[in-house]
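S.K.: Pasting a structure here, questions to come.
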Amino acid sequence: MSLLRITHLPSGRLLSAILHHQRLLPSIIPLTVPKRAVIQGEYKRPGQPRKAKFPWKKINFNFSKGLEGIKKHFTLLKKEFTDRWVGPEGKPIVEHMLEQNRAVWEFRGPESLGEWTVSSDREIGGHSEAYLKLGRNNNTCFLYGTLSSTPPRDGETRYSGYCTMRSKQPLASFDRKKHHDWSSFNTLHLRVRGDGRPWMINISAETYFSHQKDDIYCYFLYTRGGPYWQDVKIPFSKFFLTHRGRIQDDQHPVWLDKVNTIGFTLGDKADGPFQLEIDFIGVCKDYAHTEEFAYEAYKRNPEV
Amino acid sequence: MNPYILAILLFGLGLGTTITFASSHWLLAWMGLEMNTLAIIPLMAQHHHPRAVEATTKYFLTQAAAAATLLFASITNAWLTGQWEIQQITHPLPTTMITLALALKIGLAPLHAWLPEVLQGLDLTTGLILSTWQKLAPFALILQIQPSNSTTLIILGLASTLIGGWGGLNQTQLRKILAYSSIAHLGWMILILQFSPSITLLTLLTYLIMTSSTFLVFKLNKATIINTLATSWAKAPALTALTPLILLSLGGLPPLTGFMPKWLILQELTKQGLAPTATLAALSALLSLYFYLRLSYTMTLTISPNSLLGTTPWRLPSTQLTYPLAISTAMTLCLLPLTPAISALLIP
């Protein structure tokens, strides 16, 4: 609307004219769309029922759970203070120097499954399924499901069919972020039993600001099917850098002093059921492995 | 890095500090500080690693905030007193603001939180420049302003020594240990500032020499964590024998150079009637000494497990230049007997 017409509007319509700012000054402001969250509300995961509850009805006040939470957080805080007296990461310095292997994730009880997040392309509307349960004798974890590479019919997705299991970020007291410090180690050691499918191991380190948020260091895990367990040792120097799934030109080795999560992804375009059984995931220090980085860095004038 | 660009950046670093040294106008001093910040930013981010970029961003934000506060304080002073002389700043409000801005610049507690993370994200050479050269320009300004609020400086100083001591206690990353050691030393420097600025200058100079020595030792061993340092006996046995002495000098033990500033500071504080402050500072030095001793223990007093392959590197000569390390180590270990001469030079 032109400025002259605006001045003749009653004040109620003025407000709506501001909302439809496109019509106010069409030639100057390019076509803009307000944020999707404004029009449609927050992101809704496919399959979740739409909740139309008032905000005050969403509060779930449970006294005993609150007390448990307080106890848990204060115990963690006390442990943080007392661990400092012992040494780095709660271990004496001699033990820190001598440590050669560390089992970081061992699946020995139902609470160990709570450290992992399982997702598949159901989140974008696909048809794969993935579930996590404890294996036999509560000794291993068992990731199983079905992969389906039918793309969701939303008009913009062309490929689909992935399932992933990712560890949750370790948290200190009061839900503060903590990191895994694997700088004394140089190899990832897993004991898995798969079904012959090729998996990808993703390690995500701490990225604080903006554009590096989706930086993930990946390597392959080729499982051999069969009843025998497979010990996989992958040096951290072999992990290459990807960003949102694309391998980057400017490669660098993963810094192990602030590792956030590790994940396993399956996306091998083969529809059908899959299984992966993991006994433990650990890190070890291989003195014989002296390679710093397996790929060349993107240097325009390398020193030779 | 392209040698021309590297030359420009290093020249810019030198020029920035020199401008700040030579200036008597606040705007010129601020300009020198900004040049320093901008020149070191590409040096920090030259390895396009996410952590290096993160360290660069954090460094830039803190230094820019400090420079902006400095500019604001000097403008306030110009408004209140009508002049821009660095040594004539007398009004308490701009003086306090400038003290806090410069404290943020160098990493004094309670404005120290950026220093460990930033140093951790850098390689050892850039970390060396950050810990040594980048402290010179702000100190040139700190030494020239006459701080009027004694309590603020004492609190800043004591907080820095304590936080530097406690923070470094359970670190396994060497760069973070050096960051906390830097915070502790800066605390000692600020404690004595209002009584005897020349002792502050002496402490700064000895700290620069000791820290360069330590960084160069770590660079030679290519060590960034304690466990790597623990296998340095196989790479340079003579240096492994000397490094505990360097670390004890950092900790301030006689008969090494590091004792000199601590002795003079404690003496001056006691003369000024601040014996409890002196006691607290001396006790906090014990905390720092603990992690220096821990480094010495892991490096020299124990033999870390190593493969057979790792026991032979000492047979091959190193390709790194060891001349600066030799000079700074000699100065770190042997300057204490020269205390009378140095005090006569520096302390009027």
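Even glycines carry a Cβ here, placed using N, Cα and C.
Automatic, uncurated: that is what TrEMBL annotation is.
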S.K.: When TrEMBL marks a stretch as transmembrane segment, which of B:2-22, B:128-148, B:233-253 is it?
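M.R.: My reading of TrEMBL: the transmembrane segment range is B:233-253.
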S.K.: Would you confirm whether the transmembrane segment (B:273-293) and the transmembrane segment (B:233-253) meet the contact rule of 3 or more C-beta pairs below 8 angstroms, pairs 6 or more apart in sequence?
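M.R.: Output yes: the transmembrane segment (B:273-293) sits against the transmembrane segment (B:233-253).
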S.K.: Please indicate, using numbers and ranges, the residues of the same chain that are 6 or more beyond the transmembrane segment (B:92-115) and have a C-beta under 8 Å from a C-beta there.
M.R.: 33, 58-59, 62-63, 65-67, 69-70, 72-74, 76-77, 80, 134-135, 138-139, 141-142, 145-149, 152-153, 156-157, 159-160, 162-164, 179, 182-183, 186-187, 190
S.K.: Under 8 Å, at least 3 Cβ pairs, sequence separation 6 or more: does that hold for the transmembrane segment (B:325-347) versus the transmembrane segment (B:151-170)?
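M.R.: Contact between the transmembrane segment (B:151-170) and the transmembrane segment (B:325-347): absent, because fewer than 3 Cβ pairs are under 8 Å.
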S.K.: What same-chain residues lie close to the transmembrane segment (B:177-195): Cβ under 8 Å, and 6 or more beyond its ends?
M.R.: 103, 106-109, 112, 115-116, 118-120, 127, 131, 135, 139, 142-143, 147, 150, 153-154, 156-165, 167-168, 171, 203-204, 207, 211, 214-215, 250, 261-262, 264-265, 268-269, 272, 277, 281, 284-285, 287-288, 291-292, 295
S.K.: With a Cβ cut-off under 8 Å, give me the same-chain residues at least six positions beyond the ends of the transmembrane segment (B:151-170) that come close to it.
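M.R.: The answer is 96, 99, 103, 108-110, 112, 116, 176-177, 179-194, 274, 277, 280-281, 284-288, 290-291.
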S.K.: So if I exclude everything within five residues of the ends of the transmembrane segment (B:201-221), which remaining residues of that chain have a CB under 8 angstroms from its CBs? That is, six or more out.
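M.R.: Residues packing against the transmembrane segment (B:201-221) from afar: 124-125, 127-128, 131-132, 135-136, 139, 143, 174, 178, 181-182, 185, 188-189, 192, 228-229, 232, 235-236, 239, 243, 246-247, 249-250, 257-258, 260-261, 264-265, 318, 320, 322, 324-325, 328-329, 331-332, 335, 342-343, 346-347.
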